[in-house]
Amino acid sequence: MFDVTILTIFPEMFPGFLNYSLAGKALEKKIWNLQVINIRFFAKDRHLTVDHIPYGGGAGMIMRPDVVGDAVDSVLSTHKDTKFIYMTPSGTKFDQSIARELVGFPHITILCGRFEGIDQRVIDEYTPYELSIGDYILSGGEPAAMVILDVCVRLLPGVVNNSGSITEESFSYSGGVLEYPQYTRPKQWRKHRVPKILLSGNHKKISDWRQKQSQVITKRRRPELLDGEINDKFT
């Protein structure tokens, strides 16, 4: 089973959209397990304070290391070999290859930051794997954690009925390029027709056409993928 623990100050956000579609069904079938821990439970005062102003001045608030550290320790006490992940815009950009590596761990822990982030000493103490889902800023790490889990869960055996759906989609198809165009009925819609090659029944020609289209689309939209930048970045 793929076992996941989330550390957050907003536990009510989970499972969120993960409770629907493939991830939700997989959760019901116990293909994966989700535990959510409220970081505020480890606060040191009656107000359940988890943040404070930054030393040296600056905007916003920083999550306290003593509070976050105790929350992390609570997980490590029962999951010593967990893969500890911290969601941060300055982290390694998440991709399909990283997702494939993550599902190989029996347990992962995802720390969701808030405010201006967590005290650097938490990172120095635990050296988490810092991950980002893109070059933009969210209000917190929770939505990013859900994105990562959605990608990972659908890779688990028994989640997607047709394994070909996984192997032929973008970043998995033909060495990590973008997926080829897809068509279904009707054969003609308005002025647009399905390419004749897809109606030919010649599987070799169809496969060649799809590979060529993937290369063309990737070169136009994400040329860096053809230079080998999609690879195993997981450390």
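Glycine residues also receive a Cβ, built from the backbone N, Cα and C atoms like all the rest.
There are 7 other Cβ atoms within 10 Å of the Cβ belonging to Asp135 (S-adenosyl-L-methionine binding site). The annotation S-adenosyl-L-methionine binding site is assigned in Swiss-Prot to Gly113, Ile133, Gly134, Asp135, Tyr136, Ile137, Leu138.
Shown are the binding-site residues Ile133, Leu138; the one with the most C-beta atoms within 10 angstroms of its own C-beta is Ile133. The binding-site residues listed here are Gly113, Gly134; among them, Gly113 has the most other Cβ atoms within 10 Å of its own Cβ. Around Ile137 (S-adenosyl-L-methionine binding site), the C-beta neighbours below 8 angstroms that are at least 6 residues distant in the chain are Pro89. Residues Gly113, Ile133, Gly134, Asp135, Tyr136, Ile137, Leu138, recorded as contacting S-adenosyl-L-methionine, have a largest CA-CA distance of 16 Å. Its own atom aside, the Cβ of Tyr136 (S-adenosyl-L-methionine binding site) has 7 Cβ atoms within 10 angstroms in the protein chains shown.
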